[in-house]
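Asker: This is the structure I want to talk about, given as structure tokens.
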Amino acid sequence: MQEKYDHTATEKTAHQYWERTAAFKAVEDASKPKYYCLSMFPYPSGKLHMGHVRNYTIGDVLTRFHKMRGYNVMQPMGWDAFGLPAENAAIANKVPPAQWTDENIAYMKLQLKSLGFAIDWSRELATCKPDYYKWNQWLFLRMLEKGIAYKKTQTVNWDPVDQTVLANEQVIDGRGWRTGAVVEKREIPGYYLAITQYADELLNDLDTLDQWPERVRLMQANWIGKSTGVRFAFPHQIKDDAGALIDDGKLWVFTTRADTIMGVTFCAVAAEHPLATHAAQNNPELAAFIEKCKHGSVMEADMATMEKEGLPTGLFVTHPLTGEQIEVWVGNYVLMSYGDGAVMAVPAHDERDFGFAKKYNLPIKPVVMPGGLSLKTDATPVQPGEDASAIRPLEHLWAHSWNVGFGMHGELINSGKYNGLNYEQAIDAIAADLAAKGLGEKKVQWRLRDWGVSRQRYWGCPIPIIHCDDCGSVPVPDDQLPVVLPTDCVPDGSGNPLHKRPDFLNVACPCCGKPARRETDTMDTFVDSSWYYARFATPGNDQAMVDERVNYWLPVDQYIGGIEHAILHLLYSRFWTKVMGDLGLVSYREPFKRLLTQGMVLNHLFSRRSDKTGIEWFAPEEVVLQKDEAGRVTGATALRDGNPVDYGGFGTMSKSKRNGVDPQSMMEQYGADTARFFMMFAAPPEQTLEWSDAGIEGSYRFLKRIWAFGHVFATTIQPQLPGQRKLGNAKLPENLASLRREIHLLLKQANYDLGKQQFNTVASSTMKMLNALEKAPRLIDQNGGIAAEVIEEGLGILLRVLSPLTPHITHTLWAELGYAKSADESILDAAWPEPLDAALVQDEIELVLQILGKTRGSVKVPAGADNAAIEALAVVSEIAQKFMEGKPAKKVIVVPGRLVNIVV
RNA sequence: GCCCGGGUGGUGAAAUUGGUAGACACAAGGGACUUAAAAUCCCUCGGCGCAAGCUGUACGGGUUCAAGUCCCGUCCCGGGCACCA
């Protein structure tokens, strides 16, 4: 074998072998447990970034590990290929998005191949291809039939110059990003998917996802936002100009605290509420305020700090239980989009209402005595630590905003017939009374909204609808699917280019046959990514969305991706799965059994602030770091002018901050194995990873040492191997037994860590194995062939444990050093190593010796010794005698295999 | 504001879930080889101390034979959510 490590040659050899043997082709096989390992598919933006490399390396390590463990593994890859960046690139380069996308896919595929990922490329898919998106359209039509998809008007950002709809991120300070024109809000029709029909199941099934990170489940639960309460109405006689009762004479509100209804002193409605609109007609001040509220809501950042403001409408509604007249206010803190756009206000028990009431001098009426407080003779509560003789009226307590009531449950007071009831009793009684009057009932309110999927965009999956003047919006018949998107359009930024394509637009109505128009809206790209993992299981089927194979491979056993998809993508995919399940297409209810959210890749940030140009960012290779004598970074100077730049610590790699590292140049210089190893070694997978050039060098050094040891093995150890092997359970001389034990202990640790998906310590274990083996060759002089056998076994273990991380170098060494049993066998076919009990046993074990809980040293005891024997040995040991200072042992704690603690 | 994570050497981190804190690596310092440099190899490396030893996991308490790990309180850092009624 070659003496020096040549990563280019090594990687080429391995790639050719995998290609030639179709090593990663996955075929259904009922005789083996299956393992479907999936990394979130990339958007073909042009080239891979380090986040991709990290993501796919994690997936590949798991894939290869399971393959060697005997699982039937499948790791596919595809392209999330529709989306806005392709349109933007088209505008900039005057190239059709399809062409740009295809070119990017071709390049990125090469990059993925050069990283050596064990991907079954025969299952590759791109969401922009008709054979994929046909099934988006097909399922959309099924949803339409079941009432899960429906049409309603939606508000969009409209650029009046470009005549186009803008995504939220394309609106900058209220203006279009390209034209600078003031963006208008427009109401246009669009299609929605009723994800809220599945809200309950989506929430409840989170409990079954016990192999998901807790925080992701929490984020989803918050997003779904279930709250149970009572929806009820305040009757009124307020009429509009035509003389009709506004909202049928009922102001509906939702509350989770129906027990405090008797404490309502006013109501607040959103600026867009019909009552507000009505009241503003003859009230310029109110009209101005409402206008301000509507505009204010655009600026997200101000929302958080915004002061609670309001104005009275002068309108009154009737309290449904007391009959009192309740004034209606417009409040800037009431959202039209949540519930009914109106709230009851109970200042005594809600912090926000309280602040509002204090500001505008509205009455505060306490109706709940918080639990845990006792009452004084005048029925006021005693504060913890307060002198019980102090007499204060109830109102005084709240007027001083002593927070005894906000959000707390307790017994009702000041509430007439409900006095004395607790939280649950009060809600039941009040809900019953409201129901009897036809003015309310218990209700569950969700934060989750239906999913608007219409996008007024060209580069997406066409929505399969035809608009006919006579028949209305008609679904495209199944036999006319797919509705194919023309791929030769070049968007220029003004409007949807499909509008200029008569060949696409003009079509006969499927109902009546008259000329009609095709829908030009396309689907949200989240639709594309909501089921691609299922299609991977059934490649090549042009007759059905999925087939029986889907129930073999799915659910995905391990899904890996960024935390940024914790909510939308994962929630939509779960929803889509449930819909597919209800249509009888799949037999599982959750798509992803186990989820790993990998951390981001960070790098140093360098910048310089100048008055003229603002912030200028420096790439790490453009600066020189300054360090103090301890090696701590104290500052940096620019290479180009020698002047200082600001060091901003670590931040996520980004184009704009110029701190990204290009995987391509990395791989050319050091190779894929080094990149992969560093990624795995530098941090546990879920944590952020700090890029380090020195760390890369270190990983490279390790691989060079592995290779060098392989060379030593081939030249000096292998020739010593006896023809007849006798290692097995053989009794070895202590120096060999100890080396062998060390390797097997490290293997045990590595297997344990792999189970935990803690790959950084797996990498550590392989380094420790090499450290041990490098010292071993001299053992041959004393022990001959048997030592060579121990080393051979150790290196074989090391290569296999390392192989999921650095598959190329281990592939080559495995073959070159004679580990492969035949020419068509590679390390991938080797069984994963397991530690041998025979290698782990030892005659004597060393226990930690503590006196009074303080570690003082260690004591050697025979391996089989029982607690009493260990105790006896420990007490008479030299160290124990020294530290016990002649005092008798009061108690001795023996933790088998670990330590002895003597208490005196 | 609420909800999650975190806080361990100069740095990234480890500690088999209550049992020798700092494994493994990076950086730094010293040495060997070399005409020299690079590469490689060896040694040192939490703090104090010549040493025995003492001390040390953000801070203050507690439980325990034993606490980085568990409990209570405080202070920071990161992330998510939010006028959600």
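From the backbone N, Cα and C atoms, a Cβ is placed for every residue, glycine too.
Pasting the relevant annotations from TrEMBL:
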DOMAIN    A:39-171  domain 'Methionyl/Leucyl tRNA synthetase'
MOTIF     A:42-52  motif ''HIGH' region'
DOMAIN    A:222-434  domain 'Leucyl-tRNA synthetase editing'
DOMAIN    A:448-604  domain 'Aminoacyl-tRNA synthetase class Ia'
MOTIF     A:652-656  motif ''KMSKS' region'
DOMAIN    A:653-691  domain 'Aminoacyl-tRNA synthetase class Ia'
BINDING   A:K655  ATP binding site
DOMAIN    A:739-866  domain 'Methionyl/Valyl/Leucyl/Isoleucyl-tRNA synthetase anticodon-binding'
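Buried or exposed, and what's around them? Tell me for each listed feature.
Answerer: Residues 79-81, 83, 85, 101, 104-105, 107-108, 111-112, 126, 562, 600-601, 653, 660-664, 691 of the same chain lie 6+ residues outside the motif ''HIGH' region' (A:42-52) yet bring a C-beta within less than 8 angstroms of a C-beta in it.
Residues 49-51, 600-603, 617, 691 of the same chain lie 6 or more positions beyond the ends of the motif ''KMSKS' region' (A:652-656) yet place their CB under 8 Å from a CB of it.
Taking DSSP states H, G and I as helix and E and B as strand, the domain 'Aminoacyl-tRNA synthetase class Ia' (A:653-691) has 18 helix, 2 strand, 19 coil.
Applying an 8 A CB threshold to same-chain residues 6 or more apart, the list for A:K655 (ATP binding site) is empty.
Residues of the domain 'Methionyl/Valyl/Leucyl/Isoleucyl-tRNA synthetase anticodon-binding' (A:739-866) grouped by DSSP class, helix first, strand second and coil last, total 73 helix, 17 strand, 38 coil.
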Asker: In the motif ''HIGH' region' (A:42-52), how many residues does DSSP call helix, how many strand, and how many coil?
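Answerer: Split into helix, strand and coil, the motif ''HIGH' region' (A:42-52) gives 3 helix, 0 strand, 8 coil.
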Asker: Take the domain 'Methionyl/Leucyl tRNA synthetase' (A:39-171) and average the pLDDT across it for me.
Answerer: 92
Asker: What does the DSSP secondary structure composition of the domain 'Methionyl/Leucyl tRNA synthetase' (A:39-171) look like, as residue counts for helix, strand and coil?
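Answerer: Final tally across the stretch: 70 helix, 23 strand, 40 coil.
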